[in-house]
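**Q** Got these off Swiss-Prot a minute ago, pasting:
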type: TOPO_DOM; residues: 1-9; note: topological domain 'Cytoplasmic'
type: TRANSMEM; residues: 10-30; note: transmembrane segment
type: TOPO_DOM; residues: 31-42; note: topological domain 'Periplasmic'
type: TRANSMEM; residues: 43-63; note: transmembrane segment
type: TOPO_DOM; residues: 64-93; note: topological domain 'Cytoplasmic'
type: TRANSMEM; residues: 94-114; note: transmembrane segment
type: TOPO_DOM; residues: 115-123; note: topological domain 'Periplasmic'
type: TRANSMEM; residues: 124-144; note: transmembrane segment
type: TOPO_DOM; residues: 145-167; note: topological domain 'Cytoplasmic'
type: TRANSMEM; residues: 168-188; note: transmembrane segment
type: TOPO_DOM; residues: 189-200; note: topological domain 'Periplasmic'
type: TRANSMEM; residues: 201-221; note: transmembrane segment
type: TOPO_DOM; residues: 222-246; note: topological domain 'Cytoplasmic'
type: TRANSMEM; residues: 247-267; note: transmembrane segment
type: TOPO_DOM; residues: 268-287; note: topological domain 'Periplasmic'
type: TRANSMEM; residues: 288-308; note: transmembrane segment
type: TRANSMEM; residues: 312-332; note: transmembrane segment
type: TOPO_DOM; residues: 333-361; note: topological domain 'Periplasmic'
type: TRANSMEM; residues: 362-382; note: transmembrane segment
type: TOPO_DOM; residues: 383-391; note: topological domain 'Cytoplasmic'
Amino acid sequence: MRLFSIPPPTLLAGFLAVLIGYASSAAIIWQAAIVAGATTAQISGWMTALGLAMGVSTLTLTLWYRVPVLTAWSTPGAALLVTGLQGLTLNEAIGVFIVTNALIVLCGITGLFARLMRIIPHSLAAAMLAGILLRFGLQAFASLDGQFTLCGSMLLVWLATKAVAPRYAVIAAMIIGIVIVIAQGDVVTTDVVFKPVLPTYITPDFSFAHSLSVALPLFLVTMASQNAPGIAAMKAAGYSAPVSPLIVFTGLLALVFSPFGVYSVGIAAITAAICQSPEAHPDKDQRWLAAAVAGIFYLLAGLFGSAITGMMAALPVSWIQMLAGLALLSTIGGSLYQALHNERERDAAVVAFLVTASGLTLVGIGSAFWGLIAGGVCYVVLNLIADRNRY
C-alpha cells in the first residue's frame with residue numbers, strides 16, 4: 001500500500017474517521033482516567049496505548065480481510081467508567097480492564113456473538129446504523145445557529161463541489177472551514193505539545209466484587225453498544241468478515257494492552273461508516289484503503305498521545321460537527337433507504353431507527369442495542385401475524 005497512490009478523498013476519509021472519533025470522545029477517556037486517579041503522564045500513556053492498539057488492530061484486520069474494518073475504543077464504556085471507577089484505585093481499575101477483555105475473548109471463542117449477529121435482518125441493521133448516525137446530521141445543521149458564517153460557508157462549498165466533483169466535496173468543505181477558522185482567530189494551539197509518550201505499565205489488582213460491579217457491566221456495554229453496532233454497520237454496508245475472529249483478535253489485543261490503560265478495543269460503527277461510504281472510494285472493493293489509512297493515523301495519534309486533547313481543544317466544535325455531518329450524509333441516506341426499502345420489514349425498521357435515535361439508555365446499555373431488540377421484537381411479531389393471516 002503506497003500512500004502516494006491513494007486518491008485524496010480516500011486519504012481524507014481515513015483522516016476524518018480518526019479525527020471525529022477522537023474529537024467526539026477523547027475528553028470522556030481523560031475524565032475516566034482522572035476518576036481512576038491517573039496522573040497526567042499516565043493519562044497521556046493511556047492515550048498512546050489506545051492509539052497503538054486501535055492502529056494495530058485496524059491495519060491488521062483491514063489488510064488481512066481486504067474490507068474496511070475500523071476499530072475504536074468504546075465510548076459508552078468510557079462513560080460507564082466515569083462513574084464505575086469512583087472509589088477504585090488505579091491498580092484495581094487495571095484489574096477491571098483485564099477481566100473485561102478476557103470476557104470479550106471468551107465470548108468470541110465460543111462463537112455465541114457470531115451466531116447472534118447472523119440472525120439480525122439486514123433492514124434492522126441498516127435502521128440501527130441510521131439511528132446511530134442521525135445525531136451527527138442533526139448537529140451539523142444545528143451548528144448553523146451559533147457559527148453561521150463558518151458552517152454556512154462549509155455547507156455552500158460542499159454543495160457547489162458536490163455538483164461538479166462529488167468525491168472532493170468534503171475536502172473542499174474542510175479546507176474552506178480551516179481558512180475561515182484561522183481568519184477568525186478561533187484556533188488556540190498553546191496547549192498542543194508534540195512529544196512522544198511511552199505507555200506506563202500499571203500492576204493490576206483483582207477483586208471479585210469489582211469484577212461483578214464494574215468489569216461485567218463494561219463487558220456487556222462494550223459488546224452491546226460497540227461490537228454489535230459495529231458488526232451490524234459493516235453488514236449494512238455490504239461487507240462480510242468472520243465475526244468471531246474479529247472479536248477474538250480485538251479482545252486479545254486489548255487484553256495485552258490492558259496494563260497500559262486500554263479498557264477496550266471494539267469494532268467501530270460511526271467512524272467506520274465514513275470509510276465504508278461512496279465518498280471514501282467509488283469502488284466498494286477499494287474502500288478498505290480508507291480504513292488502512294485510518295489505521296496509520298491511529299498509530300500517529302498514539303505516538304503523540306499527549307497532544308491529542310490539546311488538538312481537539314484547538315478546533316471549534318462547530319467545525320467538527322459540520323464536517324462529520326457532511327461526511328456521513330450519504331451513509332445516513334443509504335442506510336435509511338436500505339432500512340425502509342422492504343415494505344414487509346418497514347415498521348420494524350422504523351421502530352429500530354427511532355429507538356436507536358432516541359438516545360435511550362437502560363441498565364447502562366445504549367440505545368443501539370435497545371433499537372435492535374425493539375426492532376427485532378416487532379419484526380418477529382409482525383411476521384408471525386402476517387404468516388398466520390396468509391394461511
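Placement of Cβ uses the backbone N, Cα and C atoms for every residue, glycine included.
On a predicted model such as this, the values are computed, not experimentally measured, just so you know.
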**Q** Between the transmembrane segment (94-114) and the transmembrane segment (288-308), are there three or more CB pairs that fall under 8 A, provided the residues in each pair are separated by 6 or more in sequence?
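**A** The transmembrane segment (94-114) and the transmembrane segment (288-308): touching, no.
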**Q** Please identify the stretch among 94-114, 201-221, 247-267, 362-382 with the greatest number of Cβ pairs below 8 Å relative to the transmembrane segment (43-63).
**A** 247-267
**Q** May I have the DSSP-based helix, strand and coil counts for the residues of the topological domain 'Periplasmic' (333-361)?
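**A** Result for the topological domain 'Periplasmic' (333-361), in helix, strand, coil order: 24 helix, 0 strand, 5 coil.
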**Q** Under an 8 Å Cβ to Cβ limit, what residues of the same chain, 6 or more beyond the ends of the topological domain 'Periplasmic' (333-361), are close to it?
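**A** Same-chain contacts beyond the ends: 121-124, 126-135, 236, 277, 367-368, 370-372, 374-376, 378-379, 382-383, 386.
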**Q** Using DSSP, how many residues in the topological domain 'Cytoplasmic' (222-246) fall into helix, strand and coil?
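**A** DSSP classes over the topological domain 'Cytoplasmic' (222-246) add up to 19 helix, 0 strand, 6 coil.
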**Q** Going along the chain, which residues at least six beyond the ends of the transmembrane segment (247-267) come within the CB cut-off of under 8 Å?
**A** 32-33, 38, 42-43, 45-46, 48-50, 52-54, 56-57, 60-61, 69-74, 77-78, 81, 94, 96-98, 100-102, 104-105, 107-109, 113-114, 199-204, 218, 222-223, 226-227, 230-231, 234
